[in-house]
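Trainee: One structure coming up, written as structure tokens, with questions to follow.
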Amino acid sequence: MVAENWNGGSQPAGGKPSGGGAGSYLIPLDTFSKRLKLLYSNWNDQKADLWGSADAIAIATPPESQDLRYLKSSALNMWLLGFEFPETIMVFMKRQIHFLCSKKKASVLEVIKKSAKEAVGVDIVMHIKEKNDEGIALMDDILNAISSTSKGEARPVIGYPVREAPEGKLLETWIEKMKSANVQLSDVTNGLSDLFAIKDDSELLNIKKAAHLTANVMKNYVVPKFEFVIDEEKKVTHSSLMDDTEKVIQDPSKAKVKLKPENVDICYPPIFQSGGKFDLRPSAASNEDLLYYDSGSVIICALGSRYNSYCSNIARTILIDANPSQINAYEVLLKAQEAVISLLKPGTKLNVAYQAAVSVIKKDAPELLPYLTKSAGTGIGLEFRESGLNINAKNEKVVKQNMVFNVTLGFQNLQNETKNPKCQTFSLLLADTVVVGKEKVEVATSASTKAVKDVAYSFNEDEDEDETPKRKAKIGTGAEPIMSKTTLRSDNHEISKEELRRQHQAELARQKNEETARRLAGEGNGAGDSRASSKTSADLSAYKNVNDLPPPRDLMIQVDQKNEAILLPIYGSMVPFHVATIRTVSSQADTNRNCYIRIIFNVPGTPFSPLDSNTLKIQGSIYLKEVSFRSKDPRHISEAVQQIKTLRRQVMARESERAERATLVTQEKLQLAGNRFKPIRLSDLWIRPPFGGRGRKIPGTLEAHVNGFRYSTTRQDERVDILFGNIKHAFFQPAEREMITLLHFHLHNHIMVGNRKTKDVQFYVEVMDVVQTLGGGKRSAYDPDEIEEEQRERDRKNKINMDFNSFVNRANDLWDQPQFRGMDLEFDQPLRELGFHGVPFKASAFIVPSSSCLVELIETPFLVVTLSEIEIVNLERIGLGQKNFDMAIVFKDFKKDVLRIDSIPSTSLDGIKEWLDTTDIKYYESRLNLNWRQILKTITEDPQSFVDGGGWEFLNLEVSESDSDKSEESDQGYEPSDVQSESDSEDDDSDSESLVESEDVEEQDSEVESEEEKGKTWEELEREASNADREKGNESDSEEERRKRKMKTGYGKGRPGPSGGSMPKRPKLR
């Protein structure tokens, strides 16, 4: 079945050994000896019944092929030798085994000569075929050897698998030679089937591993994929599902299975069927039709995987809004399959097992009997279908211990009473891999459930229930609905996505306002704006007493590095100043070759001056604000400035780090694994934020210990401990379109990485090198070097992703232990398909939601927003003609600044709305950017007015538009403290009725202005301009003057909205 590349290569599931050359092909001699005895024993005991009375058995394997094929000749190669030897002829005789093959294969087979002699007393005879030789003479030698064993005039009988058509020149020549020789030919297919039927322990282990993979691909990939596609109403074809599932089988880590990819392969291309077109034969194929999942539809999925060439199989049926007749048919089929499985015990005939299924159907639903498949499955192993073990009404073979069956049962083309043509015909199919034990039957694919409640999905909710669209995953259970479905179907109507979102958001608004009111009532009214926190520095002193001052040299500026002081000559004395008291230092030269040095000190009361605890102790003191010195020596001045700046920078960095460390929360100590268990390790990682220092950066290793992770490099001082109890969120983001694969930890409390305090620590590996080609010429797309380089990059990326995935899976297993379950830790993977571009800080980035957060983990600074901490989201600058919009995220903690994500493309608007609605986050839309700091300050100062005014509903654009026609007296808004009072002029009131004036108002204003400007002289216009300048004010104006000039703009001035166009008025907020 699997082709062999005898020029060396990797080892796939079909039995290719790794490495190159004959030395890499190690035939397991113990297994060979044991199975060779079984072959000769079975042949001798059942020569007439199963082996066609053959005196010799000829097995010829075809050339290598990439096609999936199951051949008795290939299976015997794998079973006996451990590998498939293409274009090789094996002839088993009573005293000899002849091999016709190439020189390289003969060198591999040399090792079995001794084992064959010891096991069954036969000699191995090699017939080496040269490369361009057809092997006719060698074939004649083998046939002559067979003829020489016959007694008298009786012609010897050669048995071979008659049903296998010869492939390639060698096999065609061999078949012609046998037919033209003076021999009889017979079929040994039944003998080979009987030989493979009973598996030994190593074969059973291979089948169970294959079945484990198959079941987990169904459970961890196919079923979640179905749920996602149906929830999100995606359009995917059967063939694309087939391709994706095949890739998952060939990469077991994607199905959360720890098997080496080189040992696994598919049994057949996965089969997906829906939309009324069903074929229950194993030869069926996935077509190009879209997956159909409307009400009453049925989806069938069948897939199989191999491990070391041993097969397994599974099939499941998914029911969508099934009617009672479909549910009943499925329950009967499930009961019938379980009846077959229960009878597959040693001593039972296969036709009895099939009859058990028939009996169940006759009793429970006799009308379904005509639709039942004629077979309930076959044996399975090296071949996907072991023909001698067909479970049907006629096969009387007896079940034996260590047989393995693919129990497949189905109803073909049942009829459904519906007007939908794609649901009028449906089929049901169930398949499992079953191992026959001594006392009990083991269903090796039981990890994938097939109970009715787990495969039947319902999307039609009763009308009297909550109108929020919900996904009901299981029938007959109290399971919580998971994600909301975007479209709710019923027999009479279909509600649009936008309408469903609007209904859901209305309910969220009610819940959110109630929740906010309760929270504000609990906090009380004393919640001022405490964003600004004062930093206090430690007591700084340069010298404890006068005697510690260095001896004066000349009256020149001196820098004392040891005591961190600057000595300045003032009135003939050297006066010391600690370097931390200096704010800035600069130098300047004039035209007379004089140099000036200017030193400005930190003085209380000046803008941006840090608050020092020393100033509070010595209140009422007089402070020196700045000093200037003149010198004829520019070199000395330059050195002094440089020394002062360097010393000041070092001291400030040290004090800053000391202050940050003082605010750190004390954490428990990391308990190293030691001898308890081998720590989970991931090597060659880089860290962000990086360690300080000017030395060369080096990668490190991340290890999981008893209660946390430790990252360390070969340098003693480069070490970071991350305790499990301090991890708030953990993320794993494989490299897809990015250059790095990363693990990211968002922490509850800050830790120090080097000399930086941070809540986000990231470990990453670059999956490919950034290389710039210096040559200007373009390279061909078919350049072998280019193709090889791309392949290397892909292999490197896949290996890195697999290593990270393995680390994540093992860490998740560690967190599943009882002592960590209360921490609710699990690596989350961002959902790239829901991502959008935006500017959260200064640069554009690709922001991606995960199940619990909104993150951006590639660019720094990192963005991690916990969804459960979000109060509301306001989508700003929403309007026709806008190419992008902004997102304002308001947190439940009103003391935190609102997070803004700017310049999001308008094409992402619907996706973001859908995501917010799905995650139960209330969002609003506005046409302008709002002054959120002022809004939150006003809310916290007077929460009762906020609650009485309708809570967050002042942001509701639809409500505002509907109320805009009401009089000003009926406007019930909420006004921040800096909004102009009612006593201001009527003209100002009219200007403040909305955030954006309508075009009508603007036209009226322009008409009045044009009338006023008629006939004005240049002097009058100039006088008006100067008055306007004075009205704008400057920094020296008093707060009262500036307040009188402030214009009412709702909750503050915003960025300009879309230019042009009429906009509805918003009610003013009071």
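Cβ from N, Cα, C; glycine included.
Those TrEMBL annotations? Automatic predictions, nothing curated.
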Trainee: Can you identify, from 507-546, 787-826, the stretch that TrEMBL calls region 'Disordered'?
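Mentor: So the range that TrEMBL calls region 'Disordered' is 507-546.
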Trainee: When the pLDDT values for the domain 'Histone chaperone RTT106/FACT complex subunit SPT16-like middle' (836-926) are averaged, what is the result?
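Mentor: Average per-residue pLDDT within the domain 'Histone chaperone RTT106/FACT complex subunit SPT16-like middle' (836-926): 92.
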Trainee: Let me spell it out: take the compositional bias 'Basic and acidic residues' (507-521), skip the flanking residues so only those 6+ beyond its ends count, and list any with a Cβ under 8 Å from a Cβ in it.
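Mentor: Cβ under 8 Å, 6 or more out: 466, 468, 871-872, 892, 920-922, 939-940, 943, 946-947, 950-953, 956.
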Trainee: Which residue counts does DSSP yield for the domain 'Histone chaperone RTT106/FACT complex subunit SPT16-like middle' (836-926) in the helix, strand and coil classes, in that order?
Mentor: 16 helix, 42 strand, 33 coil
